[in-house]
Structures are given as C-alpha cells and as structure tokens.
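Asker: The active site, nucleophile annotation in TrEMBL covers CYS218. Per TrEMBL, the feature S-adenosyl-L-methionine binding site maps to CYS96, ALA97, ALA98, PRO99, GLY100, GLY101, LYS102, ASP120, ASP165. The feature domain 'SAM-dependent MTase RsmB/NOP-type' is assigned by TrEMBL to 1-288.
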Amino acid sequence: MLGEEYEAFQKSYEEERQYGLRVNTRKISCEEFESICPFPIKKIPWVPNGYFYPSEVRPSLHPYYRAGLYYLQEPSAMTPAACLPVTPGEAVLDLCAAPGGKATELATKLAGQGILVANDISASRARALLRNLELFGASNIFVTNEIPEKMTRYFPEFFHKILLDAPCSGEGMFRKDDSLAADWSVEKSENLSKLQKELILTASKMLMPGGLLLYSTCTFAPAEDEEIISFLLNQRNDMHLVSLPDYPGFSSGVPEWADQNPELAKCVRIWPHKMNGEGHFLALLKKEGEPNSLVPIKKKPQIDKGSRKLLETFFQDLGLSWDFQRVEVRNDKVYLLPPVEQANLRGIHFLRNGLYLGDLKKNRFEPSQPLALALKGKSIPSLRLSPEDDRLHKYLRGETLIVAPGETQKSKGWQLVCADEYPLGWGKLVGQTLKNKYPAGWRL
Ligand SMILES: C[S@@+](CC[C@H](N)C(=O)[O-])C[C@H]1O[C@@H](n2cnc3c(N)ncnc32)[C@H](O)[C@@H]1O
C-alpha cells in the first residue's frame, strides 16, 4: 500500500507513541486550562481542544481529572468527534460509543441542548461509557446497551448527526497496544469488514435527511475502510461523501483500494509517519434532504407534590431551580430528562435517560454524584480546596475532612467539594466535620 513510503512508516514504529488529553470545554476554556494545568502540555494542531503531554506524566492521578476537566485520548482518536460538526439542540447518535472517548466530546459540543444517544453492545463497556459521560457532566444523554439493528425501530431517520466508530482490527494502534498486533489475523479483518457493512447500513437508516454520518476506524485495511464507504454509496443513492477539513499530514482515501470511485479521495487516513498520532481512517457522509428540528419535551411533571416540595427545598437551599416538566421519578430515583420529546422507548435496554439527580429518602432528598459533576462550583455553596491541599486526596479516598471556620460558604448541610472551583462530589457539614459523600465506586 505504501510503496516508497514504507520505510518511513516502519521507522515510525521505533518512536514512542503519542499521549494526549482533550479538554472538556463545557467545564473550562482551553485558555483557563492552559493557565492552571500542573504539567507541561502542547497543542495538538488539528484538534481545537486537544493537547499532547509527556509520557512520564500521569494526568489521571490529578484531582482535575476526577473533576472531569479532561479525557485522556490518543491524539488521532480525537479527530472523528472534532470533524463531526455538531451544534447545540441537535439529535446525535454514537452507535459504538464505549468507553466514551468520542461521546464525551459530542456531549460537550451539544452543551446540554438536544440529545446524545450513546450506545454500546457490550454491557460492561456501556457502564464505563456512562461513567465517563457523567464525569464530563453530560446531562442530555440516553445511554443504551443495544443491538444496533434494534435501535432502528425506535429511531428511524431521527438523528441530525451520527458517529459510527466501528469495531475494527486496530492496525493503527499496534504501536500503542501490542496485544492488538498479537490478536490480528486476515480472517478477523474479513469478519469485521462484514460487520462494518451491516453497521454502516444500520446507521444510515437512523440518519435524518440532510444529516451527517461520520464513519471511523483505527485500522489501515481497505476492506474495513474505503470498501465500507463504497459499499454504502452503492447501497444508498441518497448519500454522498463530503470533504473533511484538510489538515497538513492528513492523507486522502485511495479509490484504487476499493472500486475506483474517485469520490473516495474525500476520505482521510492518518498515518503515524506523517502525523504525531497513531493510525486512523475517517469518512464523512451526507444524506440528501432537509433536516427537521427536534420537538421540545412536553410531558406532565412525573412527580408527586410531596416529593416536589422536598426537591424544591433542597435546590432552593443551593440557589438552583429545575424545569419540573423534565423531572421524572422512578423507584424513588429522580432524573432530569433530556430537553426533547423522545419516541416510545419501551423495550429498549438503557442505562440512563437524562441526568440522575438523586434519591428520595424518607423526608429528605440525597443528591447524586452525576449531579455534582454537572454543576458549576462557582455558583453553589462549596468547599474549594487547592489541588495541593492533602484533604482533596483524602476526600477522593472516602475519608472524613475537618474544615476550618469560614472555609465553606454555608455553615452546615450539603456542600460541593471542589478542586479550585471544579466540583468533585458532595459532602455534608456538621460542625467542623465534613461527612464524605463521594460514592464508594468512584473512590481512589
Ligand atoms: C472502536 S470501539 C469504540 C470506541 C469509542 N468510540 C471511543 O471513542 O471510546 C468499538 C466499540 O464497538 C462495540 N461493538 C462491537 N461490536 C458491535 C456491534 N455489533 N454493534 C455495536 N457495537 C459493537 C465494542 O463493544 C466497542 O466498544
């Protein structure tokens, strides 16, 4: 495939892999992050909110990571979500979303408006996906664990934007992960090619007229890349390829590696010898027609008077209010539904619909961990500690904290515990003692 370039490609495997993080711009701007980042970072030129960091740094150990300020992601893998133009208020689907490397960015771009449906066929991976979306403070989410074909029944031509980051043979990740190289076989790639054809056809059925579908893999094999796109173009004459941004280092798709359709040159391949990232493939497709807008949610509030009073009291105390049209109570758990009208979802297997606000207990309401991460610490009574304060690490380990008078804005009750102004979770102040409400499953 590479001809004269092969030597340079092979040489790139002697170099170290690249490490990257992507800033959650819903929580912090890139400028602010650059000013507070405690370790060296360098901008990734083709991803607006992406940064390289040195291999010896461990950003996952910093409290800012626990506050959802960034996601650790290989730089090339940031490209698909960066290249899918998503605007607030749209319906977006990430069909193979776990563990959420791209879904977290799509949620960020939606800025709490519209809906992100994030699906994965694997139950354990879907749980990791939900955790990462919650860490990012995403509220307008519907996280599912479904067979893609079944989803077409619920969401026919529903989405403005779809990301299909397909399961693939991972040839582009061999430098990052030896086990992928050990697992590779021709048969595996051929079987994946069949699955990818099914998945892209399934995804196209859920795309609204005028909508955009981004297909990506982290492999070089034409059978999983150009051939999948030419298959779709031959199956659906209402879809065509759209050019992707032309960054220096991106290589065009190669028509000769599939059915010679010159349009395939609009695809993009990232080669590790041409860019500071691992291997990737991307194609952006558009369906003909005009898109529709989503219908705002118009449900009757699904909450009884007594529970509503408890919630109102709790949130007034924090200076917050909710649109009760969006509040739903199921088994004493309270959710804030996404702001758009959804189809009848009976029968679909989901892990989360909206933002989990907390639990109704006898005569009180207990706020949830995802709610803490979806709030802005600046405007809510909180205990703000510097990341250097040892108490933050104690908090993340689940220990009780001692708080000096005046350190919290409220003298008792529920407080957000923050790294600087960025919420990590809840605590409850009694005298000078802050009871730790950081959930066991989230602790260090
Ligand atoms: C490349 S990974 C997705 C990575 C993810 N987009 C990210 O950025 O973090 C592919 C995902 O497809 C899922 N998958 C495998 N077979 C599938 C199928 N038949 N339908 C839907 N998802 C599938 C896998 O569980 C895996 O999580």
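From the backbone N, Cα and C atoms, a Cβ is placed for every residue, glycine too.
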Asker: Does GLY100 (S-adenosyl-L-methionine binding site) have same-chain partners at least 6 apart in sequence with Cβ under 8 Å from its own Cβ, and which are they?
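Answerer: Those within reach of GLY100 (S-adenosyl-L-methionine binding site), by Cβ under 8 Å and sequence separation of 6 or more, are TYR71, ALA118, ALA128, LEU129, ARG131, ASN132, LEU133, PHE136.
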Asker: Cα distance, the residue listed as 'active site, nucleophile' to ASP165 (S-adenosyl-L-methionine binding site), nearest Å?
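Answerer: It is 9 Å, counting Cα to Cα.
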Asker: For the recorded S-adenosyl-L-methionine site, enumerate neighbouring residues of the same chain (Cβ within 8 Å of the Cβ centroid of CYS96, ALA97, ALA98, PRO99, GLY100, GLY101, LYS102, ASP120, ASP165, site residues themselves excluded), in sequence order.
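Answerer: Those within range, site residues removed, are ASP94, ALA103, ALA118, ARG125, LEU129.
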Asker: Cα of CYS218 (active site, nucleophile) to Cα of ALA98 (S-adenosyl-L-methionine binding site): how many Å, rounded?
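Answerer: Counting only the Cα atoms, the answer is 15 Å.
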Asker: Within 10 Å of the Cβ of ASP165 (S-adenosyl-L-methionine binding site), how many other Cβ atoms can you find? Include all protein chains, please.
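Answerer: By my count, 23.
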Asker: Return the residues near CYS96 (S-adenosyl-L-methionine binding site) by Cβ distance under 8 Å, restricted to its own chain and a separation of at least 6 in sequence.
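Answerer: The list for CYS96 (S-adenosyl-L-methionine binding site) reads ASN119, ASP120, ILE121, PRO148, LEU164, ASP165, ALA166, PRO167, LEU199, given in order along the sequence.
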Asker: Is it possible to get the count of other C-beta atoms within 10 angstroms of the C-beta of ALA98 (S-adenosyl-L-methionine binding site)?
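Answerer: Cβ-Cβ neighbours of ALA98 (S-adenosyl-L-methionine binding site) within 10 Å number 24.
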Asker: Given the model, what does the mean pLDDT over the domain 'SAM-dependent MTase RsmB/NOP-type' (1-288) come out as?
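Answerer: So the average pLDDT across the domain 'SAM-dependent MTase RsmB/NOP-type' (1-288) works out to 97.
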Asker: Would you mind listing, in sequence order, the residues at least six apart from LYS102 (S-adenosyl-L-methionine binding site) in the same chain with a Cβ closer than 8 Å to its Cβ?
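Answerer: The answer is ALA77, PRO80, ALA81, ASP94, LEU163, ASP165.
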